[in-house]
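Enquirer: Please see the structure below; I have some questions.
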Amino acid sequence: MKKHNFSAGPCILPQEVMQKASEAILDFNGLGLSLIEISHRSKDFVEVMDTVRSLALELLGLEGKGYEALFLHGGASLEFLMVAYNLLENKAGYLNTGTWSDKAIKEAKLFGEVVEVGSSKDKNFNYIPKGYVVPKDLDYLHLTSNNTIFGTQIKEFPKTDCPLVCDMSSDIFSRQLDFSQFDLIYAGAQKNMGPAGTTLVVVKEDILGRVSRQIPSMMDYKVHIAKDSMFNTPTVFSVYVSMLTLQWLKDLGGIAAIEEINEKKANLLYSEIELNPLFTGFAKKEDRSLMNATFNLADESLTEVFDTMWKEAGINGLNGHRSVGGYRASMYNALSLESVGILVDVMSDLERKG
Ligand SMILES: *Cc1c(COP(=O)(O)O)cnc(C)c1O
């Protein structure tokens, strides 16, 4: 039976990417050796690293604009502290839009003063704060573009004098933005790009080297730039599969093409949530995420019936995060419109049954 994977992360990846990845495990590039047993310094792997780094910049429209793309270890969670290690001298601003920004704030506080410029904690993060004031004297402002757990997404980014840093773990490569408004973007691979293990960091070189503290090599973006993301052994499998996914995206027509599909998927599901009296949306309408739709049953006594129905339809990963409850449908790039259609059919079947 075909599975429809709505998991929040690790996430669905394109089938053709899985196919190529499995071939490379057995025999990479016809070498008679596996991708995961050759030297990362070999010509074949160096080419993978070079390709994925330039593909990332190309898809984001950041080639030749002073940016470097790095593929590092440690997940987005390590970037919470690496960002502060490399950029926080005195004071940084953070917009608190949920669990992940909360964690980023906690780490940054180890390195300097942190101002929360805004927070949506008062309503369990079901909206994006707006109209907040960004102080003039910040080393950087940190935002989380998409709040994976709560299903909210920033639609308009503030203009700032200071560098703008953004955690895009769960919506990178999903929608068109002017990416040059950001000075540092980071994203764990496993939400929209590849398997867990690597983290993409896109950084504008001229914001580095401004802090006075000593930075250990593994924590230092400049070291990783100088070594082309090969300071130590990279997470070869995750990097390779990320390359395949970005090639798949490029062949599809890039971010513009996938954005159109992502909008169709989200519109289909949100219309059902709005029209079907058995469901209520969690996130505020204007801030709803194209990637993660959060919703609840209006009558919780239907939980068992609904859960049985979507599981029988081959749907996986629909349970909401424990801090929100209810349901969360994650509609990352590789999820098809057809899969969203199956979910919507189950929801309307439930209404018909009463
Ligand atoms: C999942 C997630 C993280 C944490 O990623 P790890 O790679 O597990 O450290 C951080 N930020 C956002 C927005 C996420 O969705």
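Every residue, even glycine, has its Cβ placed from backbone N, Cα and C.
Keep in mind that what you see is a predicted model, and the values were worked out from it rather than measured.
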Enquirer: Given TrEMBL annotates ALA76, SER77, TRP100, THR148, GLN190, ASN232, THR233 as pyridoxal 5'-phosphate-binding, which of ASP167, ASP206, ASP251 belongs to that site as well?
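Expert: Looking at ASP167, ASP206, ASP251, the one TrEMBL places in the pyridoxal 5'-phosphate site next to ALA76, SER77, TRP100, THR148, GLN190, ASN232, THR233 is ASP167.
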Enquirer: Roughly how wide, in whole Å, is the group ALA76, SER77, TRP100, THR148, ASP167, GLN190, ASN232, THR233 that binds pyridoxal 5'-phosphate, by largest Cα to Cα distance?
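Expert: Those residues reach a largest Cα separation of 30 Å.
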Enquirer: Here the recorded positions are ARG41, LYS191; which one has the lowest number of other Cβ atoms no more than 10 Å from its Cβ?
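Expert: Relative to the other recorded positions in ARG41, LYS191, ARG41 has the fewest Cβ atoms within 10 Å.
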Enquirer: Does any of ARG41, TRP100, ASN232, THR233 have a Cβ within less than 6 Å of an atom of ligand 1? These are the binding-site residues; tell me which, or none.
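Expert: Checking each Cβ against ligand 1, the ones under 6 Å are TRP100.
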Enquirer: Are there any residues in the same chain, six or more apart in sequence, whose C-beta is under 8 angstroms from the C-beta of ASN232 (pyridoxal 5'-phosphate binding site), and if so which?
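Expert: Sequence-distant Cβ neighbours: MET218.
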Enquirer: Near THR233 (pyridoxal 5'-phosphate binding site), which residues of its chain come within a Cβ-Cβ distance under 8 Å, counting only those 6 or more away in sequence?
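Expert: In sequence order, the residues whose Cβ lies under 8 Å from that of THR233 (pyridoxal 5'-phosphate binding site) (at least 6 apart) are HIS40.
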Enquirer: Using a 10 Å cut-off on CB atoms, tell me which of the binding-site residues ALA76, SER77, TRP100, ASP167 is the least crowded.
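Expert: Counting other Cβ atoms within 10 Å of each of the binding-site residues ALA76, SER77, TRP100, ASP167, the minimum falls on SER77.
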